[in-house]
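Notes for the one structure printed next.
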Amino acid sequence: MRSSASRLSSFSSRDSLWNRMPDQISVSEFIAETTEDYNSPTTSSFTTRLHNCRNTVTLLEEALDQDRTALQKVKKSVKAIYNSGQDHVQNEENYAQVLDKFGSNFLSRDNPDLGTAFVKFSTLTKELSTLLKNLLQGLSHNVIFTLDSLLKGDLKGVKGDLKKPFDKAWKDYETKFTKIEKEKREHAKQHGMIRTEITGAEIAEEMEKERRLFQLQMCEYLIKVNEIKTKKGVDLLQNLIKYYHAQCNFFQDGLKTADKLKQYIEKLAADLYNIKQTQDEEKKQLTALRDLIKSSLQLDQKEDSQSRQGGYSMHQLQGNKEYGSEKKGYLLKKSDGIRKVWQRRKCSVKNGILTISHATSNRQPAKLNLLTCQVKPNAEDKKSFDLISHNRTYHFQAEDEQDYVAWISVLTNSKEEALTMAFRGEQSAGENSLEDLTKAIIEDVQRLPGNDICCDCGSSEPTWLSTNLGILTCIECSGIHREMGVHISRIQSLELDKLGTSELLLAKNVGNNSFNDIMEANLPSPSPKPTPSSDMTVRKEYITAKYVDHRFSRKTCSTSSAKLNELLEAIKSRDLLALIQVYAEGVELMEPLLEPGQELGETALHLAVRTADQTSLHLVDFLVQNCGNLDKQTALGNTVLHYCSMYSKPECLKLLLRSKPTVDIVNQAGETALDIAKRLKATQCEDLLSQAKSGKFNPHVHVEYEWNLRQEEIDESDDDLDDKPSPIKKERSPRPQSFCHSSSISPQDKLALPGFSTPRDKQRLSYGAFTNQIFVSTSTDSPTSPTTEAPPLPPRNAGKGPTGPPSTLPLSTQTSSGSSTLSKKRPPPPPPGHKRTLSDPPSPLPHGPPNKGAVPWGNDGGPSSSSKTTNKFEGLSQQSSTSSAKTALGPRVLPKLPQKVALRKTDHLSLDKATIPPEIFQKSSQLAELPQKPPPGDLPPKPTELAPKPQIGDLPPKPGELPPKPQLGDLPPKPQLSDLPPKPQMKDLPPKPQLGDLLAKSQTGDVSPKAQQPSEVTLKSHPLDLSPNVQSRDAIQKQASEDSNDLTPTLPETPVPLPRKINTGKNKVRRVKTIYDCQADNDDELTFIEGEVIIVTGEEDQEWWIGHIEGQPERKGVFPVSFVHILSD
């Protein structure tokens, strides 16, 4: 027996002993040692074997953990066999059922021999399927159930759970031993002795309880291990023997079943030979008869071959060739703004290009390459048709039905002609629009966030695209992607391969940053992500873990049902990143969705195709390339190809056919997708399916999709300048980057700089102040602009001050920042992060400072018109810095709410039609739009020297003077009152000084007395007198004083305006009644239902008011004016 000292030293150095893993103790030795210790504690040597017991338990625990892992894998494999077997049984039953039905058809058509053969094969399949079903039941009962019981019972939990009671007993023993040892050493020290060792006999009685508890837990653990050994060894093998017998019975019974048909099969083979001989003879006779008939008709074989030589089918509308491929004339084009006004435009078609002229001759016409456009007739209006380009839809209307047919035919013929030329190689490189489009898309893809470096290792300038994931990689990482297989990643080169637009759908919508935000959300630290200098081994380990195992992806769902719900929501909301998130969590993309109201068994791909349009093809493309099984059928037997034909989705069909699905699958109605396309006359789908069936489909196909490229497009439009915001519900989009001032550059000079921007986010100007510079269209083609679609705006509160007509503004004050339909300056460029929308104006051309050659007016020391404009512009900029409104720069997708523009209180110079005669309103609208750019160096002539046809720039800039109506040759006929918008707002005009500012300044000496007299004469003697309700002098002065409070100076040299007069009059409470339901899109908006009454407490801008529900002051916020009706109390 070892001494107590040596045993104690072994305890103090137990870590090194355990690392060397000393001798273990067997079950028989443990029983012997424990029995001896129980009978004679003082003479027992059990205390020397304690560490052996603990080592044994540790080794047993490790062995159990290894067995647990192996058994879990066995269980997973067996379950996979069982599930695939169930699928096989189901498929066999379906096969037998269809085969039986097919044989019954033969029996009913007087072919009993063949029908009987099919029925017998169907019966054989059913019997074999029954045997296989029994075998699978044996596998489930004998193997799967046994493994489940073991893993969920004795082996349940994780490593270490089983030995926790043993570890506690060991710890208690060690603690008690240390305490006793310390006490005995202290006792010896008190008596002047030193204890170097403690014998086992001394502590045997004191440690008996802890030793017995340790022995008990050791016994319990060994008993549990013994039971597990039995279940995982003997019991499992006994059940495998049972399954072996089930397999033997399966094969023996299957062989017996097959032997029953052996004699019948031999007889059937001979009968089939005779039937084949009969049919061959019948075919030979029919062939001879056909040749006889053809020879009697004396067909010209050459003409017959030429007639059968098919040209290229565009899968689109075919035009009447009599109209040719060129045409010039006029079409009505519906604007893309909110009001949807029909505008008459001069159009021409030549050489595959449609040219659309603008309202003014000084703007370059828009040119559309018809190769990337599709003509679509309007089913509701026989004179209207749509022209769908790659990034925009144009709505046209012909003068009559005959003209409509001519335009449709010419557009279609011109496109077909251009396409034929392209295939013959006769089209120049500059006109190859498809290649240009593909190049533009690739450039746009390379500009996406994170696409400047490899998605996996961070190498710069990646040029290899994973078409099914939408990411860019370097050449080293792309090689590993290829090794993983096309079911994981499909690699193409942006430079070496000739890509179709369909292969760029995901790349345009994903990007490396967005993809890695999902797939690398849980990267461990330190990060295993390779660097550009990493070797291929490191890259392969990381890429395999990332794309195959999804090891680093974000996990948001815990159950399979939650994942399916997320998959459904991603499809319904058309959120590609949400779809990638579900994919990263390992959901089966072709699992049937439990969505009420849809066909039973419908998958996510079925739903995506059924609801697809030109803006959601990327969702379909992701599902097609990553789902694996494109032949999944619904309860009615419809595949996704059937859905494409049923719902006429040719673009989705192109994406599907790239992955080569089975095209001849029939549904329960016995129809293939091609049969449905023929029945529903879906010609595009029919042609595509026919090509796929004959193996002629080109996978590098072009798809019609809303690309929304951020580069400068060739499809320009003046709709942004022609249209004004109207009270129609539209989403309030984020504002553009602001413009600010410096002490050395005027606002006009800064606006002339192409890239001018400011980091300040709050000091912003409404982009509409620069783009929407035209109020009334002055097109020479169409003098009228009907606005019946826009409801009239409610009158403003009188407490805001009287209004003055825009026509009283001196025209010379508009020279710096003003604009008109005759001389339009292009607006400033969008901010760098701005994504170009369909309604964005073209980028500005570089031009010189706008103030060059401006002539000062008044005395020599007075401010020039340019400086006046600067003051007004800065005031508007400062005013807009305090507003939280939105601008009109968002994408033109699903417009709902009118935008909350930054210039809120700019309606004080609007004209109320109810108080102003029609002539004043018409002429004031025209004069507000005339060109305001005087020739350099021209001095203003005297009023008596004005010619009958004055130039706008030559008019003397006298405040308040209303000049005669200009007679420029390019002005349109005078618009009528009915053609004007409901209420012109100064927010739609560029920033410019107001009459009130000038009159206010004249009172302080900024304007000479001589400059004030013509104002009075004009207001009194001009034929365009105001109505009695508008007192010109008082109103203008009052308005000037009110406006001055809104214009806060921002520069030292800016003259300080007069303080605003505070309106002390008590405003009348305004009440409005809601006429529609409205759901708030932002936190500061008000949600209401039809019929509620709102108390108006303020106005955010012309189209958004502030208020609360009557009787419920806690329900407050902004609301669109077009959704309410003003109550007259």
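Numbers run from 1 along the shown chain.
Placement of Cβ uses the backbone N, Cα and C atoms for every residue, glycine included.
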SER525, SER1008 - residue that Swiss-Prot labels as phosphoserine: SER1008
Candidate annotated in Swiss-Prot as phosphoserine, out of SER819, SER823, SER839: SER839
Matching range for Swiss-Prot feature annotation, zinc finger, among 118-141, 454-477, 646-669, 670-693: 454-477
Listed residues SER325, SER428, SER717, with the one flagged phosphoserine by Swiss-Prot: SER717
Tertiary contacts of the repeat 'ANK 2' (636-665), as residues 6+ beyond its ends and Cβ separation under 8 Å: 315, 502, 505, 599-601, 603, 605-606, 608-610, 612, 614, 617, 620-621, 624-625, 630, 671-674, 676-677, 680, 682, 684-686, 688-689, 691-693, 697, 699, 701, 703-705
For the repeat 'ANK 1' (600-632), sequence-distant contacts whose Cβ falls under 8 Å of one of its Cβ atoms, 6 or more beyond its ends: 388, 467-468, 470, 487, 490, 502, 505-506, 508-509, 567-568, 570-572, 574, 576, 579-580, 583, 589-593, 638-641, 643-644, 647, 649, 651-652, 655-656, 658-659, 661-662, 665, 703-706, 893
PLDDT averaged over every residue in the domain 'PH' (324-416): 88
Secondary structure content, the domain 'SH3' (1067-1129) (per DSSP, counts of residues): 3 helix, 33 strand, 27 coil
Cβ-Cβ distance under 8 Å to SER1128 (phosphoserine), same chain, at least six residues away: none
Residue distribution over DSSP helix, strand and coil in the repeat 'ANK 1' (600-632): 17 helix, 0 strand, 16 coil
Residues in the domain 'Arf-GAP' (439-560) grouped by DSSP into helix, strand and remaining coil: 48 helix, 11 strand, 63 coil
